[in-house]
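Residues annotated as ATP binding site in TrEMBL: Gly10, Ser11, Gly12, Lys13, Thr14, Thr15, Arg119. Among the features that TrEMBL reports, Mg(2+) binding site is placed at Thr14. Annotation source TrEMBL lists substrate binding site at Asp32, Arg56, Gly79, Arg141.
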Amino acid sequence: MKIVLVGYMGSGKTTVGKELSKYLGFRFLDLDAYIEEKTGMKIPAIFKEKGELFFRKLEHQYLSEVLEKNSDIILSTGGGTPCYSGNMEVISRLTKNVFYLRVSIPELVKRLTKEKEYRPLIAHIEEADLPEFFGKHLFERSPFYSLAAHTIPSDGTPQDIALKIKSLLR
Ligand SMILES: Nc1ncnc2c1ncn2[C@@H]1O[C@H](COP(=O)(O)OP(=O)(O)O)[C@@H](O)[C@H]1O
Ligand SMILES: O=C(O)C1=C[C@@H](OP(=O)(O)O)[C@@H](O)[C@H](O)C1
Ligand SMILES: [Mg+2]
């Protein structure tokens, strides 16, 4: 079984993926961590030194590699993964267990204010401008996230979200 988590930055893909792996005993993989391991570079450094387009090419290449090479995994994607290079089609071809973690804007602000330095797309945004930025960006990205087979309201605890996902697996 291959389980894929998608959603905006801060929706908890990495956190919930690890939690779910405890409940299911499947291997947890994070696409950003995989890219960092393969390139020997951190995500912010890839964006800064090589640019976003280069990152998107790596993301597309490694998404296919990870999904084709492994089974019984939980894969947490990056927030932009579904929105480029036909990646949702790549994912949907290989599994029905695709979950969109949907989080409200106030909750995203709460979670990401302290962590924005590690996320190159928001590192330069003033704290006061985050709600407006997230609103617009999420509006643009939602059509891609909504291609997931399941949408999971995800303002709650990682444990509750993981258990909800577990109950929907097939
Ligand atoms: N369900 C949750 N409730 C509260 N905080 C959360 C939850 N899920 C994640 N977080 C926190 O939000 C931040 C971003 O989570 P992360 O798992 O890295 O999200 P993503 O991988 O989707 O960007 C982290 O500080 C994490 O501890
Ligand atoms: O939304 C995005 O485009 C990105 C999200 C990040 O992953 P998280 O969603 O895990 O923060 C990471 O892939 C990169 O900074 C780009
Ligand atoms: Mg993540």
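Using N, Cα and C of the backbone, Cβ positions are placed for all residues, glycine too.
TrEMBL labels come from automatic prediction, so no person has curated them.
Keep in mind that what you see is a predicted model, and the values were worked out from it rather than measured.
Location within the structure of each feature annotated in TrEMBL.
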{"residue": "Gly10", "record": "ATP binding site", "Cβ contacts under 8 Å, 6 or more apart": "Gly79, Val103, Glu107, Leu108, Arg111, Leu112, Glu115"}
{"residue": "Ser11", "record": "ATP binding site", "Cβ contacts under 8 Å, 6 or more apart": "Gly79, Leu101, Arg102, Val103, Leu108, Ser154"}
{"residue": "Gly12", "record": "ATP binding site", "Cβ contacts under 8 Å, 6 or more apart": "Leu101, Val103, Arg111, Ser154, Pro158, Ile161"}
{"residue": "Lys13", "record": "ATP binding site", "Cβ contacts under 8 Å, 6 or more apart": "Leu5, Val6, Gly7, Asp30, Ser76, Thr77, Gly79, Leu101"}
{"residue": "Thr14", "record": "ATP binding site", "Cβ contacts under 8 Å, 6 or more apart": "Asp30, Asp32, Ser76"}
{"residue": "Thr15", "record": "ATP binding site", "Cβ contacts under 8 Å, 6 or more apart": "Pro158"}
{"residue": "Arg56", "record": "substrate binding site", "Cβ contacts under 8 Å, 6 or more apart": "Gly80, Tyr84, Ser85"}
{"residue": "Arg119", "record": "ATP binding site", "Cβ contacts under 8 Å, 6 or more apart": "Met9, Ile43, Pro44, Leu112"}
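The 6 Å Cβ screen around ligand 2 retains Arg119 from the binding-site residues Ser11, Thr15, Arg56, Arg119, Arg141, ordered by sequence position. Packing around Gly79 (substrate binding site) is summarised by its Cβ count: 21 other Cβ atoms lie within 10 angstroms of its Cβ, all protein chains included. Only Lys13, Thr14, of the binding-site residues Gly12, Lys13, Thr14, Arg141, place a Cβ under 6 Å from an atom of ligand 3. Local packing around the binding-site residues Asp32, Arg141 was summarised as the count of other Cβ atoms within 10 Å of each Cβ; on this measure the leading residue is Asp32.
Neighbours of the ATP site: apart from Gly10, Ser11, Gly12, Lys13, Thr14, Thr15, Arg119, residues of the same chain with C-beta atoms within 8 angstroms of the site's C-beta centroid are Gly7, Tyr8, Met9, Val16, Ser76, Gly79, Leu101, Arg111.
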